Amino acid sequence: MVKGTLYTYPENFRAYKALIAAQYSGAQVKVADNFKFGETNKSAEFLKKFPGGKVPAFETAEGQYLSESNAIAYLLANEQLRGGKCPFVQAQVQQWISFADNEIVPASCAWVFPLLGILPQQKNSTAKQEAEAVLQQLNQKLQDATFLAGERITLADIVVFSSLLHLYEYVLEPSVRSAFGNVNRWFVTILNQKQVQAVVKDYKLCEKALVFDPKKYAEFQAKTGAAKPQQQAQQQKQEKKPKEKKEAPKKAAEPAEELDAADEALAAEPKSKDPFDALPKGTFNFDDFKRVYSNEDEAKSIPYFFDKFDAENYSIWFGEYKYNEELSKVFMSCNLITGMFQRLDKMRKAAFASVCLFGEDGNSTISGIWVWRGQDLAFTLSPDWQIDYEVYDWKKLDAKSEETKKLVTQYFSWSGTDKDGRKFNQGKIFK
C-alpha cells in the first residue's frame, strides 16, 4: 500500500484527483501541514525534491518524489480505478483523462477565471460556447453509460469530475445546465459517493452564475501584484538592461502557477447554507423518529410518527414515477431509486422517505411517501436537489386524514399493492 505526503493548498481541484483515488484504494496520504503556495513550493528544500515547484506534489514514505496531478492519482489508485484488467477500458481511462486536461480545464478556466477577477475579460470570448460544446460531448457519452470507462467508477470519472467542479460551482446555473441532464445525473452521482464526500466537502451547485466585475478583477490583481504593468515597465526602464533581460522570461514561465493561485482564491469563496435553515424547525425530530423506525417494529414506529408529527411545520407528500411503462428489470428500477437517494444525500437531515417498487420484471411501478420540513416541495429549495424530482408526479397529503394514515402505514410497512393491484416487491428507505 502506498504511503506518503501530498503537498497542496486547501480545495485544489488538481489535488482532489489524488485524494479521492486514495479514498478508494486505502492509500495512506497525509496532506502537508502549513503549506503556503508561493512560499513553500519556492523554497530551496522543496525545489530540491520537485524542481518544477508545481503542486500538487507527492513524496512517498520511501523518499521518492512525484509531480503532476494525474500521475499522483494513478500511483494512489487501485486496479479498478486504473481500468481493471481490460486493456480497452484502461485505454478509455487515459482517453478521458486527456480529454479533461485538453478540453475541459482550458474551457473552464477561460470562462470562470475572468468572472472571479483572476483574468481580464476578453471581448468576443467564446469560452462559454467552448465549455458547452465539451459538456455536450459528455452528455452524449453518458446517454447510455453510467460511468465514462467500463461499468464501475474509474480515474476517468474522478479526473473529469474534478475538472468540472468550477463550472458547476460558479457558472452552470439551472437554466444553463438543464441542457446537459445526463452529465448532471452523473456529476451528482459521483459527488455523492462517500469516497468523494470525504474529500469534496460542503459543495453546492451553482444557483446564479457569476458575472464579470471590474472591481473584483482590480482587487485580485492588486493582491497578487499583477495589476501594475505600467509601473513595472517604468521600473524596468530605470534598471540596467541586463537585469531587464533576465526578468522578462521569468514572467512568461509562471502561468501554471498563476492558475494554482487562482484555485487558492477559489477556496476562499463563501459556502452556501443548508436550504432548510430558512424554514421553522417545529417540534418534529427527524433523528428521533429515524432511530425509532430503525430499531422498533412498525407496530410501534408508525404510531410514534403520527403522535409526534408536526403538521404545521412539516408536510407529507406522495411521489409517483411518471414513466412506469418504461421500467424493465426490477434491479434497474431499484437502481433508479438508489441513484435518486444518492443525489439527494444532503437533504437527509430534514427529510425521510419510503419508496416502493411494485410488480415484477416488465410490469412494475415506483412510488413513495416523502416527509420533509416545510409546506412546499423541498426540491425547489436548492438546485442540488432538482436532478430527479421532475420525473415524478407530486401530491401533498392531508396529514390528518384517515386515507393518508392508511397510505403512510402501507408504505412505511412495505406492504399492500399499488393502485393497479401490483404486489409489493421491495422498498428503499431515505433517512
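Just so you know, glycine gets a Cβ as well, placed from its N, Cα and C.
Taken straight from Swiss-Prot:
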DOMAIN    2-84  domain 'GST N-terminal'
DOMAIN    86-212  domain 'GST C-terminal'
REGION    223-261  region 'Disordered'
COMPBIAS  226-236  compositional bias 'Low complexity'
DOMAIN    272-431  domain 'EF-1-gamma C-terminal'
MOD_RES   SER294  phosphoserine
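Mean model confidence of the domain 'EF-1-gamma C-terminal' (272-431) amounts to 92 (pLDDT, 0 to 100 scale). Reduced to three states, the DSSP call for SER294 (phosphoserine) is helix. Sequence-distant neighbours of the residue listed as 'phosphoserine': residues of the same chain at least 6 apart with a C-beta under 8 Å from its C-beta are LYS431. Taking H, G and I as helix, E and B as strand and the rest as coil, DSSP gives the domain 'GST C-terminal' (86-212) the counts 82 helix, 0 strand, 45 coil. Per-class residue totals from DSSP over the domain 'GST N-terminal' (2-84), listed helix then strand then coil: 34 helix, 16 strand, 33 coil.
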